[in-house]
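This is the structure, below, for whatever I ask next.
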Amino acid sequence: MSTPRQILAAIFDMDGLLIDSEPLWDRAELDVMASLGVDISRRNELPDTLGLRIDMVVDLWYARQPWNGPSRQEVVERVIARAISLVEETRPLLPGVREAVALCKEQGLLVGLASASPLHMLEKVLTMFDLRDSFDALASAEKLPYSKPHPQVYLDCAAKLGVDPLTCVALEDSVNGMIASKAARMRSIVVPAPEAQNDPRFVLADVKLSSLTELTAKDLLG
């Protein structure tokens, strides 16, 4: 029988897990794409973009419907700026976030954030909700060659926390994020959106919850 792993750190995703920002990213993306003359009704032609870095999403659009004018990087910056302003307007903290972070601290765990969003957005969001001091390390995939589902952002966060990835539990809402955390060899907790709860791919996770309000110490530690 294998020895249970010791969990020393919990690493959270941000978009869709801490804040209900996925609809805001969608809105920002579609607003900007429509302003470029892109036919946004063809969005269903794109693969599953949940959890992907925004430059990867912009590249997918460009491959199908190239536009004239602003560079892809400029378009990425427009989408990010729009998404941040929507987050500031709506302040969409999800239920159970403060309690989940507090539970991790009560269990003596280090707490990290690993996100595809830009570092300045991570800082802004945590500060907005008075959560910055609860996080021991932040890692962004913004400047990495590959973002989720590649594990690098999780490996970077574990390194910043000073722990082995095998001693981490990752909390995610997306399949791409779950794959990234499992590729980093972490314990995996998923909290899918209601419409994704029955996605069979989430069978790869160690624990599946319908809300962070359900999180227990046993879920974290195994």
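Glycine is treated like the rest: Cβ placed from N, Cα and C.
The shown structure was predicted, so the numbers you read here are calculated from the model rather than taken from an experiment.
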Of the residues D136, D156, D164, D173, only one is listed by Swiss-Prot in the divalent metal cation site with D13, D15. Which is it?
D173
Specify the nearest of the binding-site residues S115, K148, D173 to D13 (active site, nucleophile), where nearness means the distance between Cα atoms.
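Its closest listed neighbour, by Cα, is S115.
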Given the recorded divalent metal cation site (D13, D15, D173), which additional residues of the same chain have their Cβ within 8 Å of the Cβ centre, ordered by sequence?
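Not counting the recorded site residues, we get M14, G16, L17, L18, E22, G51, S115, E172, S174, G177.
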What count of other C-beta atoms do you get within 10 angstroms of the C-beta of A116 (substrate binding site), across all chains shown?
26
To the nearest whole angstrom, state the Cα distance for the pair S115 (substrate binding site) and D15 (divalent metal cation binding site).
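It is 8 Å, counting Cα to Cα.
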When the number of other CB atoms within 10 A of each residue's CB is tallied over all shown chains, which of the binding-site residues M14, D15, S115 has the maximum?
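Of the binding-site residues M14, D15, S115, the highest Cβ count within 10 Å belongs to S115.
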